Amino acid sequence: MPRQTPIERYRNIGISAHIDAGKTTTTERILFYTGVNHKIGEVHDGAATMDWMEQEQERGITITSAATHCMWRGMGGNYPEHRINIIDTPGHVDFTIEVERSMRVLDGACMVYDSVGGVQPQSETVWRQANKYKVPRIAFVNKMDRVGADFFRVERQMRERLKGNPVPVQIPVGAEDHFRGVVDLVKMKAIVWDDASQGVKFEYIDIPEELRATAQEWHDKMVEAAAEADEALLEKYLGGEALTEAEIKGALRRRTIAGEIVPMLCGSAFKNKGVQAMLDAVVDYLPSPIDIPSIQGHGEKDEPLERHANDDEPFSALAFKIMTDPFVGQLIFFRVYSGSVYSGDTVYNPVKEKKERLGRILQMHANQRVEIKDVHAGDIAAAVGLKEATTGDTLCDPDNVIILERMEFPEPVISQAVEPKTKGDQEKMGLALNRLAQEDPSFRVKTDEESGQTIISGMGELHLEILVDRMKREFGVEATVGKPQVAYRETIRKVADDVEGKFIKQSGGRGQYGHAVITLQPNPGKGYEFVDEIKGGVIPREFIPAVDKGIRDTLNAGVLAGYPVVDVKVRLTFGSYHDVDSNENAFRMAGSMAFKDAMRRADPILLEPMMAVEVETPEEYMGNVIGDLSSRRGMVQGTEDIPGGGGKVVHAEVPLAEMFGYSTNLRSLSQGRATYTMEFKHYAEAPRTVSETVISAKRA
């Protein structure tokens with residue numbers, strides 16, 4: 001089926017905000033006014049369409065970015081029909097990965113702010129992510145009906161905290177209980193919404209007397225911002241000529257898409273005021289897929305390639321999310337950047353080097369689905385039947401291969417052991433964890449070789465809590481989780497010369513005889529090394545690998561606390577054998593005994609993992625952050641300004657053992673405004689007090 005809406009009338013947008021700024025309610029109202037939802041779902045009732053996982057409805061926070069779409073002809077029905085694809089994004093810091101991956105496939109974003117709370121910590125994180133992917137944005141100041149609502153304070157905070165350049169295109173008429181509508185600064189008219197029709201009906205009226213001076217002041221600021229779009233407009237403006245409505249909107253649009261300004265609007269989604277005008281602003285100011293730079297990638301020989309948002313180009317798309325659906329199995333959400341694809345077509349995944357047949361194509365309206373036959377450049381849809389694709393993979397035309405830039409996902413920072421409450425659930429738990437890890441690239445699962453336990457790792461304590469919860473709800477597996485754990489290692493500081501291991505059993509019948517002499521020495525950063533220095537055949541050739549094997553067996557459990565041994569060099573220097581009683585097993589035992597003894601003599605020490613920690617914090621909390629890192633045995637390595645203003649970055653090296661509970665602590669230290677990332681750096685010697693505690697705990 002040919003494209004129904006021309007691509008210049010597409011808008012792919014994300015609605016992004018801090019928790020409780022009213023983002024989900026705003027999306028619900030959009031779906032209502034665009035005629036999709038006839039009864040508005042309120043988050044208070046746990047009935048919102050976009051929040052479709054059970055935990056989201058219980059907790060009232062959005063965890064997975066559901067993708068949905070709607071059609072819009074303008075508030076007054078005066079626009080040609082536009083197609084708006086909306087990705088709802090979470091606002092909690094442990095789900096930053098979800099925001100990051102949706103930013104990657106958006107063309108524009110609508111930032112929702114609470115008129116009372118204003119620019120919150122999470123808003124700063126989301127803003128940085130939008131900057132990273134150069135996403136043009138508009139701002140919607142929501143909850144104007146709340147006590148303490150202040151539109152102009154949010155405008156100041158956007159300048160000061162986010163270093164943004166907000167340009168109000170509306171100002172509120174009244175606030176708190178008296179919030180009635182907005183002044184449209186382009187038309188210089190007030191808009192008031194009718195309560196009885198849930199805001200569907202509205203009218204333009206003259207600006208109330210008491211607001212005229214304020215409206216004129218902000219209108220002039222807006223026109224000045226528009227005039228800076230190009231020389232011709234600036235000359236016209238400076239020459240005292242009035243700019244037309246079309247010129248103002250066109251100029252603001254160009255500057256928004258260039259990332260120079262952020263048009264600001266206001267309203268109350270809950271009270272059904274202002275959402276339709278915000279939709280008009282999405283059409284007026286945010287880009288269509290052809291207004292943004294073409295997507296970059298590279299070919300199979302690493303040559304740079306690009307694809308334009310055009311149906312005639314070869315098909316290319318990015319898989320940005322995987323979800324498991326109870327009815328159809330795995331859904332892969334993808335964004336089409338160029339070309340078209342039909343259900344039943346074969347697509348190529350250059351990352352996995354596999355061809356796959358595209359089964360059904362579904363378009364989602366929250367969690368209801370409509371099956372469609374084809375998708376085109378600019379579309380967002382979900383595919384059924386792709387077995388190999390994972391988040392961040394490219395899908396493309398098999399004859400025109402392109403690999404789009406991959407998404408980067410942070411390494412998990414916290415691990416916990418998890419075991420099923422009943423033994424019978426072991427297999428089910430394995431399946432559930434693998435399915436969850438496929439959906440969420442920031443969640444990892446592995447089996448600990450030392451303890452045999454299943455270890456899960458993720459981005460924070462809430463992240464793991466929600467995944468364990470999902471395992472219970474979606475897969476029916478009840479699990480218990482252990483305390484967060486640290487992976488220590490053991491090594492040595494000194495050389496132990498000529499240490500012998502003798503394994504002799506000679507009491508009737510076939511005996512055992514193995515005798516090996518080794519020298520053990522530190523081998524920093526090089527792992528385990530075995531050197532054969534046997535001369536004159538004192539140990540026969542065929543038994544030497546057995547000595548090495550015996551030592552390797554012992555490496556897994558050190559002498560201090562049973563942790564793996566790293567960075568040691570063993571030289572096999574001497575030994576003896578018996579013609580009849582010597583065999584592989586005897587030399588394996590001799591090697592193991594010699595190594596254990598040598599370890600004890602070589603001054604063994606405990607190593608702990610050190611993490612590179614980066615904290616982004618507003619300047620006023622920097623002292624607290626540095627003091628706290630020092631109290632965690634951290635070494636601060638330097639600080640720098642965040643580019644574009646907005647605080648400082650502190651670089652430090654901190655032992656992993658001291659970082660548990662850090663996200664909660666950091667939130668309270670900085671009133672939730674600082675964020676951090678950490679990744680493994682290297683192993684370092686643990687201080688004596690730490691070693692003693694770990695060893696005695698292990699021996700107990």
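Yeah, the Cβs are placed from backbone N, Cα and C, and that goes for glycine too.
As annotated by Swiss-Prot, domain 'tr-type G' applies to 8-290.
The GTP binding site annotation in Swiss-Prot covers 17-24, 88-92, 142-145 and is backed by sequence analysis. When Cβ atoms from all protein chains are considered, those within 10 Å of M144 (GTP binding site) total 29, not counting its own.
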Using DSSP, would you call M144 (GTP binding site) helix, strand or coil?
coil
Segment-level pLDDT (mean, integer) for the domain 'tr-type G' (8-290):
82
